[in-house]
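Enquirer: A single structure is presented below for examination.
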Amino acid sequence: MQIEFLGTGAGSPSKQRNVSSLALRLLEERNAIWLFDCGEATQHQILHTTIRPRKVEKIFITHLHGDHIFGLPGFLSSRSFQGGDEPLTIYGPKGIKDFVQTALKVSESRLSYPLKFVELTGDGEVFKDQTFTVTARRLDHKIASFGYRVEEAAHPGELMVEKVRQAGIPSGPLYGQLKRGEVVTLPDGRTVDGHDFIGAPQPGRIVAILGDTRVTDNAVKLAKGADVLVHEATFAKNEQRLAHNYYHSTSVQAATVAKKAGAQRLLLNHISARYVGRYANELAYQVRDIFEQTRVVNDLDVIEIPFKER
């Protein structure tokens, strides 16, 4: 599991940062990629990565401001040209369906794959299968804005091979049966339960990806115990008034959310063009006393999300 940042800027593109988009790379977990937001030129940023558009199976839109959605029509069309024929689902606030369908209709674009929309009207679970659960919560922005919590299901425990050997169980196909938790009859007549030879499950990982927002309790709820929290930091430490007036957050407010939520790491994005180079990095330095594991991300950064140590 990795996060690859395709755009980390705020409002409009700059020479250093494109507008909002990131990819949650789930190639090992489900041979797929999930996009979160799709600002202008997202597909151009993808050209600088190993991402294949046909691997994108879901797109989660946080809100309908242009810097988060203007890249959608182009990306969806290019996915058709590049061999994408599997269904794609777009999640987002009410209005996302009208936006996409209008753009495709006016441009007379035809997609080679089924396109499904899930429009959000409130807080709750928006997707669940055997491997992942995605929950959305409303944030505090000028228009409807959501954050997403992606929870991975626990992985089965490993077969404790040494314990199996000590029990005198011969190697071979029996090991596979035990690993599946089956009750097995051994050649010597003994009956053993596979569950007795399997270690504790490995807890799944949790990623919280927030849209534009002011300070809100829902941000803390989304980030509770997260391995990684992606939070906007449009404004610096001492600009609380500006942040409030423009419905955004400061770096300090983002760090406070991470601390309250008990998150493991904080990745600051949605960085204003006023902060360039070391001035952008200072957004992280100024909050290390609040939340040490803080980093300002840049376009095309790839962040590994390992399992927690047992």
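Cβ from N, Cα, C; glycine included.
The Zn(2+) 1 binding site annotation in Swiss-Prot covers HIS63, HIS65, HIS141, ASP212 and rests on sequence analysis. Sequence annotations record features per position, and here Swiss-Prot assigns active site, proton acceptor to ASP67 based on sequence analysis. According to Swiss-Prot, the feature Zn(2+) 2 binding site maps to ASP67, HIS68, ASP212, HIS270, an assignment based on sequence analysis.
What's the neighbourhood like for these features in this structure?
Expert: Following the DSSP three-state reduction, the secondary structure of HIS65 (Zn(2+) 1 binding site) is coil.
In sequence order, VAL19, SER20, SER21, ASP37, CYS38, GLY39, ILE61, THR62, GLY211, ASP212 are the residues of the chain that are 6 or more apart from HIS68 (Zn(2+) 2 binding site) and have a CB within less than 8 Å of its CB.
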Enquirer: In sequence order, which residues at least six apart in the same chain have a CB under 8 Å from the CB of ASP67 (active site, proton acceptor)?
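Expert: Looking at Cβ-Cβ distances below 8 Å from ASP67 (active site, proton acceptor), excluding near sequence neighbours, one finds GLY9, ALA10, GLY11, SER12, VAL19, SER20, GLY39, GLU40.
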Enquirer: Given the recorded Zn(2+) 1 site (HIS63, HIS65, HIS141, ASP212), which additional residues of the same chain have their Cβ within 8 Å of the Cβ centre, ordered by sequence?
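Expert: Output for this site, in sequence order: THR62, LEU64, HIS68, LEU139, LYS142, ILE143, ALA144, SER145, GLY211, THR213, TYR247.
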Enquirer: Does anything in the same chain, at least 6 positions from HIS270 (Zn(2+) 2 binding site), have a Cβ under 8 Å from its Cβ, and if so what?
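Expert: Looking at Cβ-Cβ distances below 8 Å from HIS270 (Zn(2+) 2 binding site), excluding near sequence neighbours, one finds THR8, GLY9, ALA10, SER20, ASP212, GLU232, ALA233, THR234, HIS248.
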Enquirer: For the recorded Zn(2+) 2 site formed by ASP67, HIS68, ASP212, HIS270, name the remaining residues of the chain with Cβ within 8 Å of the site's Cβ center, in chain order.
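Expert: Near the Zn(2+) 2 site, the remaining chain residues are ALA10, GLY11, VAL19, SER20, ASP37, GLY39, THR62, HIS63, HIS65, GLY211, GLU232.
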Enquirer: Neighbour count, 10 Å Cβ-Cβ cut-off, for HIS141 (Zn(2+) 1 binding site): what number do you get?
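Expert: The answer is 20.
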